[in-house]
């Protein structure tokens, strides 16, 4: 083998090792972010919802601070119901589309996929309707 071939092979192996250390993004959460963008017509970036109030983002406790935070609490509860049904809501892929008046679930036959898609579509539509108060971003320390 030529030295140049060895260098290319080594570079590929190092790249693969680096990529293997990147944790995979749950597919459903990626789809959920697309649904949010569809519902709000791109008016607010998805990351604005990742650490909002007491329930938007990872975990949730205390009393929701406003309507948007209640949307997140309802979404968390919906995922909890999905888990009780034996579904894995953060990992399930489903079929949806973005119409002029917002996101919709396509004709989904599998119960778990349909349930989770409905959770996400309803939350995305709720986010789009609720006012966003930037004072409620990054306040988890106030949530009990």
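The backbone N, Cα and C atoms fix where each Cβ goes, and this holds for glycine too.
Around the Cβ of residue 75 (active site), the same chain contributes 55, 119, 120, 122, 123, 126, each under 8 angstroms and 6 or more positions distant in sequence. For 75 (among others), the entry in Swiss-Prot reads active site, with the evidence type similarity to another entry.
In three-state terms derived from DSSP, residue 120 (active site) belongs to a helical segment. The feature active site is assigned by Swiss-Prot to 120 (among others).
Following the DSSP three-state reduction, the secondary structure of residue 55 (Ca(2+) binding site) is coil. Positions annotated as Ca(2+) binding site by Swiss-Prot, on the basis of similarity to another entry: 55, 57, 59, 76.
Per Swiss-Prot, disulfide bond is recorded for 38-98 (among others), and the stated evidence type is similarity to another entry. Taken residue by residue with DSSP, residue 38 (disulfide bond) is part of a helix.
Per Swiss-Prot, the feature disulfide bond maps to 54-143 (among others); the stated evidence is similarity to another entry. Within the same chain, the residues at least 6 positions away from residue 54 (disulfide bond) whose Cβ sits under 8 Å from its Cβ are 60, 61, 62, 63, 64, 65, 69, 73, 139, 140, 142, 143, listed in sequence order.
According to its DSSP assignment, residue 72 (disulfide bond) is helical. Taken from Swiss-Prot, the feature disulfide bond covers 56-72 (among others).
What Swiss-Prot records for 71-126 (among others) is disulfide bond, and it gives similarity to another entry as the kind of evidence.
Around residue 78 (disulfide bond), the same-chain residues six or more apart in sequence whose CB sits under 8 Å from its CB are 89, 118, 119, 122, 123, listed in sequence order. Per Swiss-Prot, disulfide bond is recorded for 78-119 (among others), and the stated evidence type is similarity to another entry.
Sequence-distant contacts of residue 87 (disulfide bond), defined by Cβ-Cβ distance under 8 angstroms and a gap of at least six in the same chain, are 111, 112, 115, 116. Residues or ranges marked as disulfide bond by Swiss-Prot on the basis of similarity to another entry: 87-112 (among others).
Within 10 Å of the C-beta of residue 117 (disulfide bond) we count 26 further C-beta atoms, all protein chains included. Swiss-Prot lists 105-117 (among others) with the feature disulfide bond.
Annotation comment: Swiss-Prot describes 1-19 as signal peptide.
Looking at residue 98 (disulfide bond) and residue 72 (disulfide bond), their Cα atoms lie 21 Å from each other. For residue 56 (disulfide bond), the recorded positions whose C-alpha atoms fall inside a 10 Å radius of its own C-alpha are 76, out of 38, 76, 105, 117. For residue 76 (Ca(2+) binding site), the nearest neighbour among the disulfide-bonded residues 38, 105, 117, judged by Cα separation, is 117.
The C-beta environment of residue 72 (disulfide bond), restricted to residues of the same chain at least 6 apart in sequence and closer than 8 Å, consists of 49, 52, 53, 55, 56, 57, 60, 64, 123. Rounded to a whole value, the Cα-Cα separation of residue 105 (disulfide bond) and residue 71 (disulfide bond) is 18 Å.
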